[in-house]
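Accompanying notes for the structure given below.
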Amino acid sequence: SSCRGGVVSMISVWPGVASLSVVGLILGWLGDVSWLIKFMLGVFVMAFLGWVVEDQINVSNIGMCSREGDSGVQIGVGLFIFSESMLFGSLLGSAMYTAADWDAAVSITLQEVPVLMSMVLLSSGVVITVAHQSLISGNVSGAGVWLGATLVLGGIFILIQMEEWGGNWFSVGSGLSGSVFYLITGFHGLHVIVGCWFILLLWVLFGFAGLGVLSWWKVEGAIWYWHFVDVVWLFVLVMVYWYLM
C-alpha cells in the first residue's frame with residue numbers, strides 16, 4: 001500500500017467479491033431462489049464491511065492523507081454521482097413519456113405525505129451541512145451529534161415511505177402507472193438507505209477512532225452522496241407527485 005498525492009492505493013479482493021455477490025443477487029431474483037438471495041445479500045454485506053475495515057486499517061497505518069490531495073478520488077465520486085444521475089434521469093424521462101397514459105386513479109395528495117417526506121429529507125440536508133462545517137472546524141464530537149441526527153432523519157424518511165406504500169390502494173401490478181411510481185420511489189428509497197449506511201459507517205469511525213484516521217474522501221463522498229439524494233427527491237416530488245399525480 002502507498003499514499004501518493006493524498007490517495008491511498010492498494011490491491012483488494014473485496015470489490016470483486018461485492019460485484020460477484022450482486023450478480024448472484026440478480027440471478028437469485030430472476031430464478032426466484034430465496035436462499036440464494038439471502039446468501040448473496042450476506043456476502044455483499046460482508047464484502048462491504050471487509051472493504052471498509054481493510055481500507056481503514058490501511059489509512060490508519062499510513063496516517064491521514066491530505067485533503068488537498070484527494071482531488072482525484074473526489075473526481076471519481078463525482079463521476080459516480082453523475083452516473084447515478086443518468087439512471088434517475090432515464091427513469092424520470094420514462095415517467096414523463098407515459099404522462100399521457102397515466103392512470104388518474106394512481107394518485108397521492110401532494111400536500112400530505114409527500115410534503116412531510118420532503119420536510120424530513122431536506123432538513124437532513126441542512127443537518128449534514130452543519131456536521132460538515134463542524135468537521136472542517138475540528139469539532140468531531142459536534143459532528144458526531146449532527147451525523148447521528150442526519151441518520152435519524154433518514155430513517156424517519158424511510159419509515160414514512162414504507163407507511164405510504166402500505167396505505168396506497170394501488171400496487172406495482174396496477175398497470176404501467178403503478179409500476180413506474182414504485183420503480184422510481186423504490187430506487188430513491190434504496191439510495192436513501194445506502195446513504196444512511198455511509199453515514200452510519202462515518203459515525204462509528206468517528207466514535208471509535210476520531211477524525212485523525214479518516215481520509216477526507218470518505219467524509220466528502222458521503223456528504224456529496226447525501227446531497228445528491230436530496231436533489232433527486234426534489235425532481236421526484238415535482239415530476240411524479242405533482243405533475244403526473
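Any Cβ shown, glycine's included, is placed from N, Cα and C.
Where the annotation comes from TrEMBL, it is an automatic prediction and has not been curated.
Source: prediction; values computed, not measured.
For 12-245, the entry in TrEMBL reads domain 'Heme-copper oxidase subunit III family profile'.
TrEMBL lists 7-29 (among others) with the feature transmembrane segment.
Per TrEMBL, transmembrane segment is recorded for 35-53 (among others).
Cβ atoms under 8 Å from those of the transmembrane segment (73-93) belong to residues 7, 180, 183-184, 187-188, 191, 217, 220-221, 224-225, 228, 232, 235-236, 239-240 of the same chain, restricted to positions at least 6 beyond its ends. Residues annotated as transmembrane segment in TrEMBL: 73-93 (among others).
With a threshold of 8 Å between CB atoms, the same-chain residues lying at least 6 positions outside the transmembrane segment (113-131) that come near it are 142-143, 146-147, 149-150, 153-154, 156-157, 160-161, 163-164, 192, 199, 223, 226-227, 229-230, 233-234, 237, 241. The transmembrane segment annotation in TrEMBL covers 113-131 (among others).
Feature annotation from TrEMBL assigns transmembrane segment to 143-162 (among others).
What TrEMBL lists as transmembrane segment is 168-185 (among others).
The transmembrane segment annotation in TrEMBL covers 192-217 (among others).
Note on the transmembrane segment (223-244): residues 77-78, 81, 84-85, 88, 92, 95-96, 99, 102, 108, 110, 114, 117-118, 121-122, 124-125, 128-129, 131-132, 150, 177, 181, 184-185, 188, 191-192, 194-195, 198-199 of its chain, located 6 or more positions outside it, place their CB under 8 angstroms from a CB of the stretch. Under the heading transmembrane segment, TrEMBL lists 223-244 (among others).
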Can you give me the average pLDDT across the domain 'Heme-copper oxidase subunit III family profile' (12-245), rounded to a whole number? 84
